[in-house]
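Residues annotated as S-adenosyl-L-methionine binding site in Swiss-Prot, with sequence analysis given as evidence: G46, G47, H48, D65, F92, D113, H120. Positions annotated as region 'Disordered' by Swiss-Prot: 295-329. Marked as compositional bias 'Basic and acidic residues' by Swiss-Prot: 317-329.
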Amino acid sequence: MTADPGSSVPPAVVHRPVMVDRVVELLLPALGYPGAIVVDATVGLGGHAEAVVRAASAATLIGLDHDPHAIRLAAQRLAGYADRVQLVNVAFDRLAQVLSERGISAVAAILFDLGLSSLHIDDPARGFAYSRDVPLDMRMDPRLPRTAADVVNTYSATELARVLRVYGEERFAVRIADAIVRRRARQPITSTRDLSELVREAIPAPARRTGGHPAKRTFQALRIEVNDELGRLERTLPVAIAALQPGGRIVVLSYHSLEDRTVKRFFQAAASDATPAGLPTALPTARPRLRLLTRGAERPSPAEVAANPRAASARLRAAEKIRDTREAA
């Protein structure tokens, strides 16, 4: 994490927004008129938001984040644009409510930058890092009632195996789940180090030497479960498209295959004619709602990855709304 020399935010809280130039390039055509509204649904530390409001001088930005600390830091970073920025401390699945409360019927652009922010990764107290010995928390929103420790110590072996297999794509899910249940019968598992070492011991020795840290997939799975990451994304993508005005644009940055596949499936379905097979003519309400702006998922350049290794897993997809989904049949 390095500081932007042009920013007034302390270096410790400044991050490098991923693929920021491409994000701005894709959003800007929708933001060229006074009063255009762009939603940064995951404002985080404000890096993308700052670049967008700087480039789109007539636009207003609404930034959402479920982490109150992130909102405070983003407010610092965006202080110079305070007259054009509203920050709201809610998760992005409250998008419809946020717009309704402000009397906004449609927006020009929406950005989602999914996954962990630098703020979460770099704060050991959050319990996301398997390389540290800290409480097993993993909540992006500290107000959530359930921690990773709660999941590990209360889910059945079957439930744990499902979480690890589905959200972590962990091939040793059953072995790890059984090991967790045996260990917690003696003593609750409460720290990241305890869980990390347990996972390492549970999987076969040859597998420990390949594919990165042995606990990587387990930690990913627990994080997704605790924060309902995929559920929120699946619920919110249709809401986001409904909120876009025709000609509006949506950009999504994802960081693991489960997120990217969810976005890919949704975009492809919305960009396809949904007329049932066998009908003699296409249904007007089944016409494509989106036009894809990216050919597949775009990746960061080698230069960006070299400067910011955390960008390496990023996948970017974008689309433009071409039909008002609220039109009459």
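Cβ atoms are placed via backbone N, Cα and C, with glycine included.
Projection of Swiss-Prot feature records onto the structure.
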residue : record                               : Cβ contacts under 8 Å, 6 or more apart
H48     : S-adenosyl-L-methionine binding site : P17, V20, V23, D40, L111, D113
D65     : S-adenosyl-L-methionine binding site : T42, V43, G44, I71, A74, L87, V88, N89, V90
F92     : S-adenosyl-L-methionine binding site : A41, T42, L64, H66, F112, R232, T236
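Summary for the binding-site residues G46, G47: the Cβ-based neighbour count within 10 Å is maximal at G46. Within 10 Å of the C-beta of D113 (S-adenosyl-L-methionine binding site) we count 25 further C-beta atoms, all protein chains included. In the three-state DSSP classification, H48 (S-adenosyl-L-methionine binding site) falls within a helix. DSSP gives D113 (S-adenosyl-L-methionine binding site) a strand state.
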